[in-house]
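Now, the feature entries from Swiss-Prot:
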BINDING   61-91  FAD binding site
BINDING   228-264  NAD(+) binding site
MOTIF     486-495  motif 'Microbody targeting signal'
TRANSIT   1-41  transit peptide
Amino acid sequence: MPWFKNLIKISKTITNQSSSYKSITPLASPLLTQFLQFTKQYSTNDHVVGLEATKSDQKPRIVVLGSGWAGCRLMKDIDTNIYDVVCVSPRNHMVFTPLLASTCVGTLEFRSVAEPIGRIQPAVSTQPASYFFLANCNAIDFDNHMIECETVTEGVETLEAWKFNVSYDKLVIASGAHALTFGIKGVNEHATFLREVHHAQEIRRKLLLNLMLSDVPGVSEEEKRRLLHCVVVGGGPTGVEFSGELSDFILKDVHQRYAHVKDYIHVTLIEANEILSSFDDRLRVYATNQLTKSGVRLVRGLVQHVQPDNIILSDGTNVPYGLLVWSTGVGPSPFVNSLDIPKAKGRIGIDEWLRVPSVQDVYSIGDCSGFLESTGRQVLPALAQVAERQGKYLASLLNKVGKQGGGHANCAQNINLGDPFVYKHLGSMATIGRYKALVDLRESKEAKGVSLAGFTSFFVWRSAYLTRVVSWRNKIYVLINWLTTLVFGRDISRI
């Protein structure tokens, strides 16, 4: 990366010429100071080697892979008086996934569901030995306590990816999971997932583009129906919530602002079994009835093949579409699959204290991890509440280890870790459109408990998630967006 090498050369020159450094303007000085602290220690022969192993008189370093619910909760609670924190992730923000579907149709703006890492853990922006790196971890050297990284340069054609290494005292793998495609041909090429902000942006742009294209003179009736047929594959909470938001958008906004094509737009939800299979039976029936009333067509079937303009089901049915959203759950990522460590149903195998027992000083939390069979515990579902609770527990455990002098590499073997992690399910919620939602407060599918449906549940759903939004800034954004949508309708700008 030529520009990066040149900066390192400049930094060396500035370091050697103290008088020149003192003449730098006060505005530029703090930025160069932080850059010098990185390059002066870790540059060799014009190549950035990375962050070297910490010394005994330095704070131990925790490296967190990922910026999802698990990793961000851990970084928020970790004691930065004990540890230096380094986060490596291909995105510089956490996505508040429960509200992501609302951004696809303009109910909320994208910034309302994105929380910058520097706001969650200010140390990565302010402390000299804590960093956030916009990069992917390609490999882990467990024996030498080191990870191999490569910078993310998506959309920047002029920059080459830069490889560097980071040594760790404690490593937390919280890299999440990838969308399951079940090996179905054409899914990755033609479907849109709903896990990241850029996915929601893509859905919104394509939806609005199809609405505008269908209104162009000369477009056939058949093509209008195809362009405005929105297909959602997967009847879990994400698929159902997106279908509900989309039906609301059609009934309230499309009918007003795209009156010429309002009779052509439809939503189809395809699921192999029952929708919302983890919810109470009564709530599933209620959701089915409400979605049907909202105009959502429910189809039970298996997708066999995805083509650019249509889906082929296992029974041979051909389903044309203009927008295809794929939401069939998650599975192990290629990175997790590449790690040579014991697995639990494809996930990284962990013990009761969230450690990876086959290697020293490595922990794993969130969707990428699962309890080993030897623990006698079931693999937990890939839910935000599971990931967040694991992050909170592990931060407390690592703070305890650090206070007892076990923060550095290979120093925690004889420390009492206390009680193991225990997960208690707090219930499930899902919105289904038309100011209605489901609230299932049972601890498990077989247990008894309170279940609610309707407008009261919608109020509970909004209140609960509003309190979970990380910062006051985003809480205010969400409230303003909800109020604006209620009074003026959704934003239909295609930006």
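Residue 1 is the first one shown; counting continues down the chain.
Even glycines carry a Cβ here, placed using N, Cα and C.
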- Query: Where among the binding-site residues Asn81, Ser89, Thr238, Ser243 do you find the Cβ with the fewest other Cβ atoms within 10 Å?
  - Reply: Asn81
- Including all protein chains displayed, how many Cβ atoms other than that of Tyr258 (NAD(+) binding site) lie within 10 Å of its Cβ? 19
- Of these binding-site residues, Asp248, Asp253, Asp263, which scores lowest on Cβ atoms within 10 Å? Asp263
- Query: Near Val233 (NAD(+) binding site), which residues of its chain come within a Cβ-Cβ distance under 8 Å, counting only those 6 or more away in sequence?
  - Reply: Ala191, Gly239, Ile270, Glu271, Val303, Ile311, Leu324, Val325, Trp326, Ser327, Thr328
- Can you count the other CB atoms that lie within 10 A of the CB of Val85 (FAD binding site)? 24
- Please average pLDDT over the motif 'Microbody targeting signal' (486-495) for the predicted structure. 89
- Determine, using Cα-Cα distances only, which of these binding-site residues is closest to Thr238 (NAD(+) binding site): Arg61, Arg73, Asn81, Val85. Arg73
- Query: Just the number: how many Å between the Cα atoms of Asn81 (FAD binding site) and Ser243 (NAD(+) binding site)?
  - Reply: 46
- Task: Would you mind checking how many other C-beta atoms are within 10 angstroms of the C-beta on Trp69 (FAD binding site)?
- Result: 27
- What is the interatomic distance between the Cα atoms of Asp263 (NAD(+) binding site) and Trp69 (FAD binding site), given in whole Å? 40
